[in-house]
Amino acid sequence: MKGRRFFVKTFGCQMNVNDSEKMAGILVSAGYKKTDNLKEADIVIVNTCSVRAKPDNKAYSFIGELKRLKKEKPELVVAVTGCVPQRDWKFILERYPHVDVILGTFNFYRILDFLESSSKPSVEILDTFLENEGEIIPSIEPLLTNPFVAYVTVQRGCNRFCTYCIVPYVRGRERSVPPENVVDEVKRLAEEDVKEVHLLGQNVDFYNYNGIRLPDLLYMVSQVEGIERVRFTTSHPAGFDISIIKAIKEIPKVCEYVHLPPQSGSNRILERMNRGYTREEYIEKVMMLKEKVPDVALSGDFIVGFPGETAEDFEQTLSLVETCVFDQAFVFEYSPRPLTKAFSFKDDVPKNEKNRRLMELNNLLKKQAEEKNLSLLGSVQEILVEGLSPSNSEKMIGRTRNNKIVIIDRNDSLKGKLANVKIEEITPFYMKGKVIKQLAGVER
Ligand code: SAH
Ligand code: SF4
Ligand code: F3S
């Protein structure tokens, strides 16, 4: 079936993006071709997310639309993978008969066998509760979205069971990839000219393989020649500690950027969420981080309108934000998810109030982000030049160690290189900079 064209639609988190890149890598190695034009595809893969009702609904409406496409083109093969079918495969099978292949989060890498199987629909969902299931996800060369920046999944699943969260049910138990596999994967990526790696895990602070923890892994990965930058995400406030702060401070290639989602600033709500830390502990960790790594950028996620969240609880979240000061953050309205403990709690914050809290929190976060960016005006920042700006081919785009976007004048010799730039202008979405010096490597 060589030469057939596939289109991949990805919803959800970076791990899902990485899983999609792996599926694409498998298909390209087998002779298939990737297309970004849905109309010309022979195969469509929908890699789904179930974390909130919104992405879940979006996945279903996308799958629904494919029905029409398949009518026009009956040989079209439709595959649905990831977190939605992991839980909902029977529903998909019954309600969407135009879907040919269904795979979950443990076996998505078997996509080729299933696409080529002569029996359709071809479905396999492994039980999320089997210990170690999924451990054996083989090493797969991804088809990178960005040639210089790659995701590397180092930990899958989650054991924390926050009461609102479906991830432990659709991604299974927490398991860490052996460090030697991680290092091998990073070495291979470095050979392909990748300069920056993002180590991914649902709560990567808890990475643990026979006593090898995240700081050890960061050290090992940063030793790989050719790699200039290392990032990691998502940190969990209960696992984030001084050993990780030290790694950020002491390993030059580890970037000063931490995504540490508080979710709420109210102890009562944090407890109902089963987050495993208090507001005071969160603030203390952030203060310790900012003291040891003063130029760090802090990012977070928040849920507003969790069941039982009062105006006072929400005030506590605003006050936590005032105290900690974020560079970037994502705010979500609470969305009840099946299987989770909070599904049985009364979803008692009215929709318009959830929305009001979302806007108020977003306004505060936006103001903080703008002030933080303004403070960088005139400063010199290291950027990794990723390529041409998508909106202007005379410009190039890069990112600072703090993960902020910087636009510079086009200079093709800088592609995939580190450079120091002087920040000359700040806009709400990016900064403009002037290259002062190309760097041979990290000079921190
Ligand atoms: N492992 C990460 C989060 C993964 S889910 C962590 O523990 O922080 C990404 C984000 O989606 C979460 O941080 C949370 O803010 C949001 N989220 C998860 N479940 C949600 C729900 N039921 N309703 C609204 N937001 C939710
Ligand atoms: Fe979900 Fe909590 Fe696990 Fe994050 S730590 S994936 S929010 S259960
Ligand atoms: Fe979504 Fe699954 Fe990631 S539910 S957030 S794609 S782990």
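Counting starts with 1 at the first residue shown.
Every residue gets a Cβ built from N, Cα and C, even glycine.
What TrEMBL annotates here:
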BINDING   CYS13, CYS49, CYS83  [4Fe-4S] cluster 1 binding site
BINDING   CYS158, CYS162, CYS165  [4Fe-4S] cluster 2 binding site
DOMAIN    4-120  domain 'MTTase N-terminal'
DOMAIN    144-371  domain 'Radical SAM core'
DOMAIN    374-437  domain 'TRAM'
Key: Assigned conformation of CYS83 ([4Fe-4S] cluster 1 binding site) - DSSP reduced to three states   = helix
Request  = Specify the secondary structure state of CYS49 ([4Fe-4S] cluster 1 binding site) as given by DSSP, simplified to three classes.
outcome  = coil
Task = Taking the Cβ of CYS165 ([4Fe-4S] cluster 2 binding site) as the reference point, list residues of the same chain whose Cβ is under 8 angstroms away and which are at least six residues distant in sequence.
result = VAL51, CYS158, ARG337, THR340
Ask   = Which chain-mates of CYS49 ([4Fe-4S] cluster 1 binding site) that are at least 6 residues away have a CB under 8 A from its CB, listed by sequence?
value = PHE11, GLY12, CYS13, ASN16, PRO55, ASP56, ALA59, GLY82, CYS83, VAL84
Ask   = Of CYS13, CYS49, CYS83, CYS165, which binding-site residues come close to ligand 2, meaning Cβ under 6 Å from one of its atoms?
value = CYS165
Request  = Restricting to the domain 'MTTase N-terminal' (4-120), report the mean pLDDT as a whole number.
outcome  = 96
Key: Non-site residues, in chain order, whose CB comes within 8 A of the mean position of the CB atoms of CYS13, CYS49, CYS83 at [4Fe-4S] cluster 1   = PHE11, GLY12, MET15, ASN16, THR48, SER50, VAL51, PRO55, GLY82, VAL167, VAL170
Key: Other residues, Cβ within 8 Å of CYS158, CYS162, CYS165 Cβ centroid ([4Fe-4S] cluster 2 site)   = ARG160, PHE161, TYR164, ILE166, VAL167, PRO168, GLN202
Remark   = Across the binding-site residues (CYS13, CYS162), the Cβ with the fewest other Cβ atoms inside 10 Å is that of CYS13
Ask   = So which of the binding-site residues is most packed in, judged by how many other Cβ atoms lie within 10 Å of its Cβ, out of CYS83, CYS158?
value = CYS83
